[in-house]
């Protein structure tokens, strides 16, 4: 826990520093290094926050994972709105030819569409002159907005008595047992005893304890298969999120749809808006529905949406409807998949790292793949790629269910000793102190 909190503190503080430094970078190599630091910090936060929620709440973690990822989507929706007032409507550099350059901007945007790059040599853009952009303020505002996060993590370290210089008389926060959902009165004593046994057995494990080779000794092939198929599902679904949000604008402005640029610009916002809405809806839904069922609904919904988008590919109205539908179905896939996989593997926390890594690789790789395919094959291949990825996600999910059925169930003794028994069908759903 101490290592995780220290890593969260360092990573969240690094993000504020990076956002403050970005406007001061006047060299592309320096900017690349700064952005790489930001990527590492965000990757640490993503992995550690998911892993700790799974370890603390165990069978109850699905609700908290949905809440966590709602705020991920909310941030993705909110940050462009913060930046928008500071973006220049004309060229960012004033010179003699600025008036002509500003009128050329819509044509330049159309020529820069990645499908068919046009010849930009006849457009005159000033490269020297007085810089008038105010976009730096957007980065500094985001740095200030993020600053309370490392402060809050430092406060948590202080309350847990993990700061060497401040080991005073502060009272630690609630223990893991107190954070668990309230159980039936008859199970309460048994749960406390079992929780103490498991806590004594596990102790404060090292952050990378799940990667040690001793944990793999005697593990069946289904143990590895569950990890791999779970990561592949998220490789596809998070890859779809990345490629769809990145290329739906370019797809819309091309033939046969030829949507007006300003209208097409609403599509990524609509997509992220419904991802955020879907995650908000999923918080209460996850309390009543099993994670496996939610993932099934998600992957089938994605598949059907892409099929309908292909059928009605010439309809602008259905492109907006399909974008909203796709965002809704993709919204809860990641947290539901995480809860489902960790439930199979008895909440060791190891699957979280594998799944987060698989999702991140998918988001990176599939954007590159789809971009190159669209460039060579045209805009229609954008939907074809999405359909293929949706089919693969469903296939990997079916394999995961198959390996789940083959995976050896824990012994009754292990099941009784698991703090995960805190969540029973008869739970009241209330929390206790």
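Cβ from N, Cα, C; glycine included.
Per TrEMBL, transmembrane segment is recorded for 30-49 (among others). Here the transmembrane segment (30-49) has long-range neighbours at 4, 7-8, 10-12, 14-15, 18-19, 21-22, 68, 352-353, 356-357, 360, meaning same-chain residues at least 6 beyond its ends whose C-beta is under 8 angstroms from one of its own.
TrEMBL lists 61-82 (among others) with the feature transmembrane segment. For the transmembrane segment (61-82), the residues of the chain that approach it from at least six positions outside its boundaries are 49-50, 53-54, 138, 141-142, 145, 269, 272-273, 275-276, 278-280, 282-283, 286-287, 291, 331-332, 334-336, 338-339, 342, 347, judged by C-beta separation under 8 angstroms.
The transmembrane segment annotation in TrEMBL covers 137-158 (among others).
The list of residues near the transmembrane segment (221-241) in space but at least 6 beyond its ends in sequence, with Cβ under 8 angstroms from a Cβ of it, reads 275, 295, 298-299, 302, 326, 330, 333-334, 337, 340-341, 344-345, 350-351, 354-355, 357-363, 365-367, 386, 389-390, 392-393, 396-397, 399-400, 403-404, 406-408. The transmembrane segment feature in TrEMBL is assigned to 221-241 (among others).
Summarising the annotation, TrEMBL assigns transmembrane segment to 263-281 (among others).
Annotated transmembrane segment per TrEMBL: 293-312 (among others), in sequence order.
The transmembrane segment annotation in TrEMBL covers 318-340 (among others).
Per TrEMBL, the feature transmembrane segment maps to 352-374 (among others).
TrEMBL lists 380-403 (among others) with the feature transmembrane segment. Distant neighbours of the transmembrane segment (380-403): 222, 225-226, 229-230, 232-233, 236-237, 239-240, 243-244, 247-248, 250-251, 292, 295-296, 299-300, 302-303, 306-307, 309-310, 313, 341, 366, 369-370, 373-374; these residues of the same chain sit at least 6 beyond its ends, with a Cβ under 8 Å from one of its Cβ atoms.
Here TrEMBL flags 411-433 as region 'Disordered'.
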When counting C-beta pairs under 8 angstroms to the transmembrane segment (263-281), the leading stretch of 293-312, 318-340, 352-374 is 318-340
